[in-house]
Amino acid sequence: MAFKIDDFTIQEDQVKIAKDVFKRFDKRGQEKISTTDLGPAFRALNLTVKPDTLKEWADQVDDDATGFIDFNGFLICYGKKLQEDQDERDLRDAFRVLDKNKRGEIDVEDLRWILKGLGDDLTEEEIDDMIRDTDTDGSGFVDFDEFYKLMTSE
């Protein structure tokens, strides 16, 4: 059965894989794993998550601060990672479309056009500030990492 988190759905086969990994780390068969096992569990899923992100997610699903999470909490964390990875793929696809010269960078004027089209009613000054914060070297171009940080507010 698929599992839905906000607007993201974890497919049935992904839930099964997650369940298998969860069981491996549920050493006592208590239907819970230690929050310290999240990192190794994600590595077992061939996923990389920064330790501070794992801690943040663990804190969100370990409501009573026991240091343990159940399978539902694990699935929520897994879903967040899958969503994060999908968002990055989508941004890479968008970046490739905007990278007209296929040089791994987009012109800040193209970025300005994108920001105007986001529908956030940004002023020219706000857009200028965002571009200045993104194009830190003043080259007039933005690479994918800079684009990603801007679009995800990281």
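Cβ from N, Cα, C; glycine included.
According to Swiss-Prot, the feature Ca(2+) 1 binding site maps to Asp62, Asp64, Thr66, an assignment based on a curator's inference. According to Swiss-Prot, the Ca(2+) 2 binding site annotation covers Asp99, Asn101, Glu105, Asp110. Taken from Swiss-Prot, the feature Ca(2+) 3 binding site covers Asp135, Asp137, Ser139, Glu146. According to Swiss-Prot, the feature domain 'EF-hand 1' maps to 13-48. Positions annotated as domain 'EF-hand 2' by Swiss-Prot: 49-84. Swiss-Prot lists 86-121 with the feature domain 'EF-hand 3'. Annotation source Swiss-Prot lists domain 'EF-hand 4' at 122-154, citing sequence analysis.
Feature annotations (Swiss-Prot) mapped to structure.
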residue: Asp62; record: Ca(2+) 1 binding site; Cβ contacts under 8 Å, 6 or more apart: Thr35, Phe68, Ile69, Gly73
residue: Asp64; record: Ca(2+) 1 binding site; Cβ contacts under 8 Å, 6 or more apart: none
residue: Thr66; record: Ca(2+) 1 binding site; Cβ contacts under 8 Å, 6 or more apart: none
residue: Asp99; record: Ca(2+) 2 binding site; Cβ contacts under 8 Å, 6 or more apart: Glu105, Ile106
residue: Asn101; record: Ca(2+) 2 binding site; Cβ contacts under 8 Å, 6 or more apart: none
residue: Asp110; record: Ca(2+) 2 binding site; Cβ contacts under 8 Å, 6 or more apart: Leu98, Lys100
residue: Asp135; record: Ca(2+) 3 binding site; Cβ contacts under 8 Å, 6 or more apart: Val108, Phe141, Val142, Glu146
residue: Asp137; record: Ca(2+) 3 binding site; Cβ contacts under 8 Å, 6 or more apart: none
Using a Cβ cut-off of under 8 Å, list the residues of the same chain at least 6 residues beyond the domain 'EF-hand 4' (122-154) that approach it.
87-88, 91-92, 95, 104-108, 111-112, 115-116
Just give the helix, strand and coil counts over the domain 'EF-hand 1' (13-48), going by DSSP.
23 helix, 3 strand, 10 coil
Segment confidence, the domain 'EF-hand 2' (49-84), expressed as mean pLDDT:
93
Which residues does Ser139 (Ca(2+) 3 binding site) neighbour through Cβ under 8 Å, counting only same-chain ones at least six apart?
Glu105
Would you mind checking how many other C-beta atoms are within 10 angstroms of the C-beta on Glu105 (Ca(2+) 2 binding site)?
19
Hey, what's the Cβ neighbour count for Glu146 (Ca(2+) 3 binding site) at 10 Å?
20
What does the DSSP secondary structure composition of the domain 'EF-hand 2' (49-84) look like, as residue counts for helix, strand and coil?
25 helix, 3 strand, 8 coil
